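So the structure is just underneath, and the comments pick up after that.
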Amino acid sequence: MDDPVLLTGAGGRVGEAILQGLGETYDWRLMYHNPPDEEPDHEYLVGDVIDEEVVREAVDGVAAIIHLAGDPRPSAPWKSVLSNNIDGTQKMYEAAVEAGVERFVYASSNHAVGAFETDERTPEMYRTDDDYRLDGTELPRPGNLYGVSKATGEVLGRYYHDEHGIKVCNVRIGNLTEGHPPIDYERGQAMWLSYPDCAHLHERTLEADYEFEIVYGISDNDRKYYSLERAKEALGYDPQDNSAEWDGDEHVVNDQ
Ligand SMILES: NC(=O)C1=CN([C@@H]2O[C@H](COP(=O)(O)OP(=O)(O)OC[C@H]3O[C@@H](n4cnc5c(N)ncnc54)[C@H](O)[C@@H]3O)[C@@H](O)[C@H]2O)C=CC1
Ligand SMILES: O=C1O[C@H](COP(=O)(O)O)[C@@H](O)[C@H](O)[C@H]1O
């Protein structure tokens, strides 16, 4: 990719995972909400994704956008997700199509489909011997207002793709945790996304040939209730990590 890639929410955890793995791979333009503590190694700007002027400046001349900025709290109140997540994402899309950006990668969430985790299905669905899988073709079923905002971001992508032709990949990210899977948290282990797999997955979203996709962003965990088939087929995702290979913070398999 010759032109820069815009990374919004660059100062957050997902941004950190992506830059750890792909810092040298692309010509990044980083967007921060507040001035970063340390001088970044890449071109950057500071601003709010609901500020149309800053957003226009951010998208100018980029080939692709990875849009992470937003309120990531499952407990976030409506006022915050309406502004930071829904309005911010719509403004990013609007500016992107106006500027002729080719592709838009959107950080959706497991919480867009959290209400599939019913009392009848849990905790069995978090376990290896359960074959219940969501595959991305199901309708959103959020369990909180944050999930509603993430599902709305996916639908905004559907609209901007159909109406304006921008390529869109919605990644329903699981539980990104650095180093090892979440400890004593079955659900989190089933949807663990390691930092290296997160970076690799985003590299595939920037390189693969697709039109509109919804994929799950988790590692290749033995325990899983999200199918990775679409991410593998449409993007060529080839995850390397598996929460079942961990006992707490100890890597018990292939620890060479
Ligand atoms: N960390 C995870 O496991 C998961 C994250 N996600 C999504 O990934 C994205 C990034 O999440 P994290 O890195 O974990 O969160 P984070 O809170 O660490 O990073 C988000 C960044 O977005 C910035 N931001 C928030 N509102 C903004 C605004 N109005 N304008 C400009 N910047 C703004 C924040 O300053 C922050 O640096 C979020 O959209 C979240 O919904 C989805 C599923 C799981
Ligand atoms: O969307 C998100 O999901 C992850 C995992 O959800 P959790 O319910 O297991 O905490 C969450 O950590 C992250 O903050 C959120 O943005």
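Just so it is clear, glycine is given a Cβ too, placed from its N, Cα and C backbone atoms.
Looking at 117-136, 237-256, the stretch flagged in TrEMBL as region 'Disordered' turns out to be 237-256. Minimal Cβ crowding within 10 Å, among the binding-site residues N84, S109, is found at N84. Same-chain residues that are not part of N84, S109, Y146, K150 yet have a Cβ within 8 Å of the Cβ center of the NAD(+) site turn out to be G70, D71, P72, P74, A76, V81, N85, S108, H111, A112, G147, S149, G153.
Residues 128, 179-181, 183, 189-190, 192, 194, 196-197, 200-201, 204, 215, 218-223, 228, 231 of the same chain sit 6 or more residues outside the region 'Disordered' (237-256) yet have a Cβ under 8 Å from a Cβ within it.
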